[in-house]
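Q: Sharing the feature lines straight out of TrEMBL:
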type    : residues               : note
BINDING : Cys145, Cys149, Cys152 : [4Fe-4S] cluster binding site
DOMAIN  : 1-108                  : domain 'MTTase N-terminal'
DOMAIN  : 131-363                : domain 'Radical SAM core'
DOMAIN  : 366-431                : domain 'TRAM'
REGION  : 428-448                : region 'Disordered'
Amino acid sequence: MNERDSEIMAGQLDQMGYQPAASDRDADLIVINTCAVRGSAEEHAFGYIGQLRQLKDERPGMTLAVAGCMAQEAGTIAWLKKHAPQVDLVFGTHNMHQLPEMLDRAAESDEMVVDVWQSAGEVVEHLPSRRKDGVRAFVNIIYGCDKFCTYCIVPFTRGRERSREMEPIIEEVRALADEGYQDITVLGQNVNSYGHDLEPARDLADLLVELEKVDGVRWLRYTTPHPRDFSQKLIDAIADSQKITRHVHLPVQAGSNPILKRMNRKYTKEAYLDLIERVKLKIPDASLTTDIIVGFPGETEADFEETLDVVRRVRYDSAFTFIYSARERTPAARWEGRDPVPNQVKKDRLNRLMALQYQISLEANEQLVGKQELVLVEGVSKKNDRVWACRTHNNKVVLIDRDPAEDLIDRFVPVRITGAKTFYLTGQQAGRPVSPPSPRRRVELPMV
């Protein structure tokens, strides 16, 4: 979501005449788009803001703005006012469509301008966008979240759920396809809540079925779903589709029913495992991934063993694993003060969880050796400029040898899988690209 927000803000800056700067020192404007999901992201943002103080002293005419989820928090605003006089503008997630007006106000003010809406208005359509990639595009379909998991700040920073009407979404995807975008990801904090607030009510399966009809779209993705709303209708739509990718991300968060109840996840371990079995039955080639939190307040060793049991039974292709991080205004933050899990215990559990998942991930990848896959070439590997970094329809990373004489970025290429590692596959190109070169070149967004 933050990356898509950055694209929209960059589009507005384009219309204002701004151009991307090569570095912070070359910039007349820096917009820091922040994330509040975990403490580590906040610490990184605060550190970066602090580093910019010297630059602002050297170049007092430049503008510094802080945006995004952290800006929705009263604690962040208080910190900025006390420790970051170099910041000129603070705005949140609900009014980024007013960026040009807010920048004008900041330019005319001698004090920090704080413009943070505590509730969202209507969905604003037709905002300009500077998209980062040449064939991949993000499309918002629903904003906010109504689930109120007890550890999560998102309902407070993003507001309640608000779905876009279906027709503007279809029109946007059709326009993207006409421009050459082939890999479309529909976005929402809880993407499969889409449409329940529309009249008449619709759902994610309805939308994906309509988007599949758009000529030119090769792959359709969606993120991030909630297990409670992952319907059989959606499973069937994915199974019957030629375009919806076989990557199913179902954040379990924990395997213990008492912890799931305390998290307010609104499902049980048994219900979750039943959902997984239904997905595997209808979509046997699905790549299953998840999110898991360890060290949630009150988590016992027995609770943690239940989580390991889920991992062993599901056998995820990969998992995003985190130590619990207390978030301002959430119930779990209060519990952390009364019933914390010791830090060393948290670290030990995370290490045990990762060791188990890494072994399962390797075994899952080894099953793909010898098979042929169609991949999207995303770019040159960051660790080895002699290989291309690619991605399969079910979200597996594949590294293939790179011929510098042929630019394959943003093209779909058949490959044969030749090797497996824990986090990626290796392969060899098995034929000519099946898509033409992208008419666009990916760009770096002019903000952090």
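Going from the start of the chain as shown, residues are counted 1 onward.
Just so it is clear, glycine is given a Cβ too, placed from its N, Cα and C backbone atoms.
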Q: What is the three-state DSSP composition of the domain 'MTTase N-terminal' (1-108), stated as helix, strand and coil residue counts?
A: 64 helix, 15 strand, 29 coil
Q: Over the span of the domain 'TRAM' (366-431), how high is the average pLDDT in this prediction?
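A: Taking every residue of the domain 'TRAM' (366-431) together, the mean pLDDT is 96.
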Q: According to DSSP, which kind of secondary structure is Cys152 ([4Fe-4S] cluster binding site) found in, if we only use helix, strand and coil?
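A: Note: Cys152 ([4Fe-4S] cluster binding site) is coil by DSSP, not helix or strand.
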Q: Report the residues of the chain - excluding Cys145, Cys149, Cys152 - with C-beta within 8 Å of the mean position of the site's C-beta atoms, for the recorded [4Fe-4S] cluster site, in sequence order.
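A: Close Cβ neighbours, site residues excluded: Lys147, Phe148, Tyr151, Ile153, Val154, Pro155, Gln189, Asn190.
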Q: Once the chains shown are all counted, how many other Cβ atoms turn up within 10 Å of the Cβ of Cys152 ([4Fe-4S] cluster binding site)?
A: 20
Q: Could you give me the DSSP helix, strand and coil counts for the domain 'TRAM' (366-431)?
A: 1 helix, 34 strand, 31 coil
Q: Counting across all protein chains shown, how many other Cβ atoms sit within 10 Å of the Cβ of Cys145 ([4Fe-4S] cluster binding site)?
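A: Its Cβ has 22 other Cβ atoms within 10 Å.
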Q: Same chain only, sequence gap of 6 or more: which residues have a CB within under 8 Å of the CB of Cys149 ([4Fe-4S] cluster binding site)?
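A: Once residues fewer than 6 apart are set aside, Cys149 ([4Fe-4S] cluster binding site) is near Gln253, Met263, Asn264, Arg265.
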